[in-house]
Amino acid sequence: MWALRGCRSGSRWGQGAALLLLLLGVPPRGLALPPLRYSHAGICPNDMNPNLWVDAQSTCKRECETDQECETYEKCCPNVCGTKSCVAARYMDVKGKKGPVGMPKEATCDHFMCLQQGSECDIWDGQPVCKCRDRCEKEPSFTCASDGLTYYNRCYMDAEACSKGITLAVVTCRYHFTWPNTSPSPPETTVHPTTAPPETPGLDATAPALLNHPAHQSVTVGETVSFLCDVVGRPRPEITWEKQLEDRENVVMRPNHVRGNVVVTNIAQLVIYNAQPQDAGIYTCTARNAAGVLRADFPLSVVSGGQASATAESSPNGTALPAAECLKPPDSDDCGEEQTRWYFDAQANNCLTFTFGHCHRNRNHFETYEACMLACMSGSLAMCSLPALQGPCKAYVPRWAYNSQTGQCQSFVYGGCEGNGNNFESREDCEESCPFPRGNQRCRACKPRQKLVTSFCRSDFVILGRISELTEEPDSGRALVTVDEVLKDEKMGLKFLGQEPLEVTLLHMDWTCPCPNVTVGEAPLIIMGEVDGGMAVLRPDSFVGASSTRRARKLREVMHKKTCDVLKDFPGLQ
């Protein structure tokens, strides 16, 4: 009993009046009442049995703070996402022991059907009712569903369908077998076998290639997102996933691997449940076999509901930042609330995540990956850094792509559609275009006016050499070239130069995005230019590329066979 102050001791009338006021909801003067707390009947499943933890994926989306936010037959209970969710309540038996209430004799679920997928019959207030399941087994049995997601097991899929009031079906998990066939057909096969891709002579092994573009995804906090690294190759590539972490070693995840809310399924699909801001970042798929290795980056942005709408409204009007801002290091100092943001990393040629402390010392910080790319990568992504992309079509055309991991051009099979810029008809074309020096990554790749042979024929001089000194001037520049070999010289008499370096004038240079992109170093270059007033001159579209034994041999063959004379007689061939 509460102590009733202000009433005469021993007065039954005073106590009765105070009790009446209390029952009417009017506390007597001087009476201290405890705060009222709204609560539904029953207990949470995890209070009844630790093994009944609320663990269905769908329950994490029905977040709550108190029972008042839930249905009358539900409780607000902790879930595996670290928050609370509305779930069906449990009850104590008549002896006070925790456990489900025994069904009254007059209530039964025997002839009561629940039509919604993922629902089950339960007795509520003496009547059978349908409710969504709030308990799933812990053992993984990855299930591919018709909504395009892979669930931890069948129960998780049913719970998702019930929470949304929809129907989800189990579908065959997508898996693309290697091409060509990894083993010969057995003798007992039919006389007319099914159509298979044609065999390509000499391609006993093919390096991994992607079937689809690695797309950026942006989700709201609490949603589920998945990435499929759809690759082919011979032999079958092994796939691993890792997240690019800030100042920490990356954790490699293989198929059938669970780490927190991140799962890699048995078909190597990466699934992130209940996405949180710290889950944003670059998720890298690595596919490896005996013929080569492929790495593809899948960016993920995780934003709140308000940020998502604001980003959708502002992204079309995004403006590029000055190059100097994009090249500044991320501002990681702590000046207040910490958030996960994106910044442009010139060395990685990509946007990465970091912990932003709101110091605002520079502008190289963005809410989403897309906003970062719009601001600091307004030009096309350097094609030589793109992964080999086969595409969904079935033309099966041999092509070449530059592999930034090995630093070499490798063959792959192109399907004929939806490829990318890292796609060349021959190894020679690939080596002519890749790699190119990485400078300001907002700049497009420098492209010469003509290809190797045509540029050779139309140039006044062609030399093999190294840049020993470079001087920048407004709209121009000067380079000192140590000449290793003179392949062509029509106007300067370079054979009399001896050991002296050749001074080359660079015309119409934009030093924020220099073309040709020459740098001081020991790497041998093929330099083709013009002669103007006795001076060696390079223009933005002049041919300057990495020298190789193959290229040098080809240019010597052009001289020996007098190919340039033939091209002069037939201009249409150039």
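Cβ coordinates are placed from backbone N, Cα and C, and glycine is handled just like the others.
Predicted, not measured: the structure shown is a model, and the values here were computed from it.
Just one residue in Asn317, Asn517 has N-linked glycosylation site written against it in Swiss-Prot, and it is Asn517.
Each of Cys109, Cys114, Cys173 is a candidate, yet Swiss-Prot gives the disulfide link of Cys144 to Cys173.
For Cys155, the disulfide partner recorded in Swiss-Prot among Cys136, Cys162 is Cys136. Disulfide pairing as given by Swiss-Prot: among Cys285, Cys372, Cys376, Cys326 connects to Cys376.
Comparing Cα positions, Cys446 (disulfide bond) lies closest to Cys434 out of the disulfide-bonded residues Cys173, Cys335, Cys434. Considering only the disulfide-bonded residues Cys132, Cys326, Cys351, the residue whose Cα is spatially closest to the Cα of Asn517 (N-linked glycosylation site) is Cys326. Nearest neighbour of Cys326 (disulfide bond) by Cα distance, taken over the disulfide-bonded residues Cys359, Cys372, Cys430: Cys372.
Against the domain 'BPTI/Kunitz inhibitor 2' (384-434), stretch 208-301 shows more Cβ pairs under 8 Å than any other of 124-175, 208-301, 326-376, 443-564. Using Cys351 (disulfide bond) as the reference Cα, a 10 A cut-off selects Cys376 from the disulfide-bonded residues Cys86, Cys132, Cys359, Cys376, Cys430. In the three-state DSSP scheme, Asn517 (N-linked glycosylation site) falls into the coil class.
Put simply, Cys285 (disulfide bond) is 22 Å from Cys417 (disulfide bond) when counted between their Cα atoms.
Between Cys359 (disulfide bond) and Cys384 (disulfide bond), the C-alpha separation comes to 36 Å.
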